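Novice: Below are the features listed in Swiss-Prot for this protein:
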type: BINDING; residues: 82, 112, 113, 114, 115, 116, 130, 131, 132, 133, 134, 135, 136, 137; note: S-adenosyl-L-methionine binding site
């Protein structure tokens, strides 16, 4: 089962930092790919640098039509739209996990940077809210991925990592591979 993130909208300079955080959060918490609807060289290069240093595989893709991508994905996958207006995460997460476990389908999470078109709500198998107060899509994504994976991805390490952090109570423990 693979997890992909589809980010709708990206407003250049305004969203550069938050879009990078969306991608890094996706990677750190278990997603295998992020799909943007607009090209941003800065975000792509930032993500590639992190993957190079911290290891693992994480794909960055840009598509012209999010609708086409999501519709094709839905043929063999489950689509969850993270929105403030969806069903309560506490009430529906078990159902989503069971649905994926039974069907062995991949998961596509849709998150918006701006107003999400009505079609995204209609296309999703689940419209899920992470709280009903305004907050960041990064927070919603992190909470969803952590709950979905039951915390199993929080301390992921990769064999090809050049940088590794060891949790410590009292000091900074970082291993950096020398070239």
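In case you wondered, yes, glycine gets a Cβ from its N, Cα and C as well.
So that I understand the layout, could you describe where these features sit and how close they are to other parts?
Specialist: Within the same chain, residues at least 6 positions away in sequence whose Cβ sits under 8 Å from that of residue 132 (S-adenosyl-L-methionine binding site) are 84.
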Novice: If you count other CB atoms within 10 A of each CB, which of 82, 113, 130 wins among these binding-site residues?
Specialist: 82
Novice: Using the residues the record lists for S-adenosyl-L-methionine (82, 112, 113, 114, 115, 116, 130, 131, 132, 133, 134, 135, 136, 137), what whole-number Å value is the largest Cα to Cα distance?
Specialist: 18
